[in-house]
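Here is the structure we will look at.
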C-alpha cells in the first residue's frame with residue numbers, strides 16, 4: 001500500500017517548482033498521514049531507535065531523497081520532534097504539516113486551525129519625544145556595506161558533481177543523479193488520484209497502476225556539466241575562496257565604509273550532515289574574515305540566519321535546556337565570536353533570544369531581530385507558538401525606548417516580512433509594529449531569499465515604510481553573487497541611495513585562475529529615475545511599472561536574479577508580475593495590492 005502511495009506522490013513532488021493544487025493537496029495528505037502514525041508510535045512509547053528506523057524506511061521508500069540524506073535529516077531532527085510530541089498536550093499532525101507546507105498564495109492549502117497561533121502584541125500609545133541633539137547638519141553621509149547569505153561549503157569541489165542524487169551538490173564524494181522523470185506524462189494520472197468529499201481528501205491507490213504503465217523514468221546519461229570553480233547556478237553552495245573574494249572586493253574598493261550589516265546564513269544547504277563543529281568553524285570564519293579585511297575601526301552588525309542552528313531551522317525557546325534540543329549553545333558561541341562588536345547589554349539579549357540592539361552613533365540604533373523563531377520549518381513553533389510573540393514584544397519595547405530617546409532605527413531581519421516562510425500571525429503583528437513606529441524606523445534590511453527585491457509596507461493605501469533585500473553572496477539556486485552599498489543621510493538616517501554590485505558567474509567560471517569581474521548593476525535612484533528612496537516614491541514606481549513605464553518592470557525582472565543566465569532569460573510576463581507582486585505583500589495572504597498590480601498590467605497589454 002505504501003509503495004503505491006509513494007509511487008503516486010514521488011513524481012508529483014519532483015514535477016514542478018510551481019505549486020499546484022494537486023501537488024500541495026497530496027503533500028499535505030501524505031504529511032498528515034505520516035505524522036499521525038508517528039505521533040501514535042511516540043505515544044505508544046516505542047523506542048527511539050525503532051522510531052528512527054521506521055521513519056528512515058519511509059523516507060527512503062518515498063524516493064525523493066537519497067537514503068544518506070534521509071538518515072542524516074532524521075537523526076538530527078527526530079529528538080526534537082519526539083520531545084515536542086511528548087510535551088505538547090493535544091499535539092496534532094495538522095499543525096506540523098500546515099506550518100511546513102503553507103504557501104504564499106493560498107491560506108487553505110494545508111490548514112491547521114490551531115487556536116494557539118492566534119495572538120496579538122500590545123502597542124503603546126505614541127510618546128512625546130525630542131530629537132537627539134548631537135546630529136550635524138550637512139555632515140558626510142554614512143556608508144554601509146550590505147552582505148548576506150554566504151552559505152559557505154568547506155567541502156566544495158571545483159569540477160565536481162553539480163547534478164547529484166542529493167538535494168545540494170558540488171561537494172566532494174557525491175555521485176551523479178541516476179534517474180530523470182518524464183513529467184509531462186504524469187499530470188493526468190496524478191490528478192485522477194485525488195477525490196474529495198467536502199474538506200476531506202482521499203487518495204485513490206488505483207491511480208498507481210496507471211502511473212506505473214507510463215514510461216516516467218529514464219537513466220541519466222551523466223552529461224551534466226561539472227561544478228564551476230567560483231560556484232554554480234545549480235543547487236550548490238559557496239567555495240571559501242568565492243566568499244573571500246566578496247569581502248576582499250568590498251574592502252579594497254569601498255575604503256570609506258563606516259558600518260557593515262551582515263544579514264546571516266553562513267552555513268551551507270547540506271542540512272542532513274551539519275555538525276556543531278562545522279557550524280562553529282564557519283561562523284568563526286565569516287566574522288574573522290570581515291574583521292581582518294575591514295579593520296577594527298569598521299563596526300560589523302550581524303544578524304542570525306536560519307542555517308546557523310543545529311539542526312538547520314531549529315530555534316528552541318530559552319526554557320529548553322536539553323542536549324541536542326537547546327539553541328543556547330549557538331547564542332553562547334556567537335556572543336564569543338561577535339564579542340568585539342557587542343555591548344554588554346547586547347550579549348545578554350543574544351544569550352536569551354538571539355537578538356540585540358546597538359547604538360551605531362548618536363541618533364541611530366540598529367535592532368537585529370531573530371525572525372527565525374517564526375520560521376515555518378522551526379518545529380518548536382508547534383511546542384510554543386507564543387515564543388514568537390515574546391520576541392515581537394521585545395522588539396516593541398526596544399522601539400519604544402528608541403522613540404522616547406528620539407533615536408532612529410534600522411532593523412536587520414534575516415527573513416523578510418510577508419513571505420510564506422513566516423507564520424501568518426507574525427507577519428500580521430509585525431506589520432502593525434512597523435505601522436506604529438513608522439516615524440522611528442527609517443530602514444529595514446533582509447536576506448534569506450537570495451533574490452534582489454524590496455518590500456513596501458502600507459497603512460491602507462498609504463505607503464509608510466520600506467524593507468530592502470540585500471541579495472546573497474552565494475549563487476545557490478540560480479542567482480549571481482552580489483553585495484550592496486547603502487548611503488545613509490547622517491541627519492535623518494534614511495537611505496539616500498543603494499547601489500548593487502555583481503559579477504556574472506558563467507563568465508567568472510571561464511577563467512578560474514582570474515578573480516571575477518565585478519561591476520555595478522544599478523543604483524536605485526538613478527536607474528529607476530526616482531527622486532528619493534521614500535515609500536511614496538517606490539509605491540509610485542511600482543504602479544508606473546505596470547502602466548505607462550513597463551520598461552522599469554523589465555529592469556526589475558532582470559535585477560531580481562541579478563542577471564542570472566539561468567533565471568533572467570526564462571522570466572515571462574507572469575514571472576515578472578509575480579516577482580513585482582512580492583513588493584506589496586508584507587502580510588502573508590493579504591494580496592489585494594498584488595492582484596491590483598496584476599490587473600493593471602495585463603489590462604494595459606490588451
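The backbone N, Cα and C atoms fix where each Cβ goes, glycine too.
Taken verbatim from TrEMBL:
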type	residues	note
BINDING	149, 151, 265, 450	Zn(2+) 1 binding site
BINDING	265, 306, 414, 448	Zn(2+) 2 binding site
DISULFID	28-110	disulfide bond
DISULFID	59-70	disulfide bond
DISULFID	164-169	disulfide bond
DISULFID	170-236	disulfide bond
DISULFID	571-575	disulfide bond
DOMAIN	24-114	domain 'Saposin B-type'
Residue 448 (Zn(2+) 2 binding site) versus residue 149 (Zn(2+) 1 binding site) - Cα distance in angstrom: 7
Listed in sequence order, residues with CB under 8 A of residue 448 (Zn(2+) 2 binding site) and six or more positions away: 148, 149, 263, 264, 265, 305, 306, 414, 415, 416, 419, 421
Around the Cβ of residue 151 (Zn(2+) 1 binding site), the count of other Cβ atoms that are within 10 Å: 25
Minimum Cα separation from residue 164 (disulfide bond), reported as the residue among disulfide-bonded residues 59, 110, 236, 571 that achieves it: 236
Cβ-centroid neighbours of Zn(2+) 1 site 149, 151, 265, 450, 8 Å, sequence order: 148, 150, 305, 307, 447, 448, 472, 473, 474, 476
Which listed residue (164, 571) has most other Cβ within 10 Å, given these are disulfide-bonded residues: 164
From recorded positions 151, 169, 170, 236, 571, the one whose Cα lies nearest residue 59 (disulfide bond): 169
Least surrounded among the disulfide-bonded residues, given as 28, 575, when other CB atoms within 10 Å are counted: 575
Spatial separation of residue 110 (disulfide bond) from residue 450 (Zn(2+) 1 binding site) - C-alpha basis, Å: 26
Listed disulfide-bonded residues (59, 70, 110, 169, 170), ranked by Cβ neighbours within 10 Å, top entry: 170
Cα proximity to residue 70 (disulfide bond), best match among disulfide-bonded residues 28, 110, 575: 28
Count of other CB atoms lying within 10 Å of the CB belonging to residue 450 (Zn(2+) 1 binding site): 26
Protein Cβ atoms within 10 Å of residue 414 (Zn(2+) 2 binding site), excluding its own: 27
Intrachain C-beta neighbours of residue 236 (disulfide bond), sequence separation six or more, cut-off 8 angstroms: 153, 156, 162, 168, 169, 170, 227, 475, 476
C-alpha spacing of residue 110 (disulfide bond) relative to residue 575 (disulfide bond), in angstrom: 24
